Amino acid sequence: MEVDEDGYEVPSSSSKGDKKRFEVKKWNAVALWAWDIVVDNCAICRNHIMDLCIECQANQASATSEECTVAWGVCNHAFHFHCISRWLKTRQVCPLDNREWDFQKYGH
């Protein structure tokens, strides 16, 4: 064993004159992501959460996916913003667990 500049022991095979064991010539990084929601359909209109809600589908000439956003409650349930807004006009609770509704976040 040899000792490096900081006083740590290093194997003698890793001394400066030895050839490298391998060299990284190319590295392809891959990243994955996922939503923090279990169900990917809006429980109010039953459309996929990333598709237009039924209100936006009815007005498809003027609606875009940027206008049809997703809203999460503090209970972590997600709905189309238009759907949950319409629901909250009559009841101030989550449609799935009946807890008082508070927005956690909304957007894409």
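From the backbone N, Cα and C atoms, a Cβ is placed for every residue, glycine too.
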Candidate sharing the Zn(2+) 1 site with C42, C45 (per Swiss-Prot), from H77, H80: H80
According to Swiss-Prot, which candidate in C68, C94 joins C53, C56, H82 at the Zn(2+) 2 site: C68
Per-state residue totals over the zinc finger (53-98) - DSSP helix, strand, coil: 13 helix, 8 strand, 25 coil
Cβ-based neighbourhood (8 Å from the centroid) of the Zn(2+) 3 site, residues C75, H77, C94, D97 excluded: G73, N76, P95, L96, N98, R99, W101
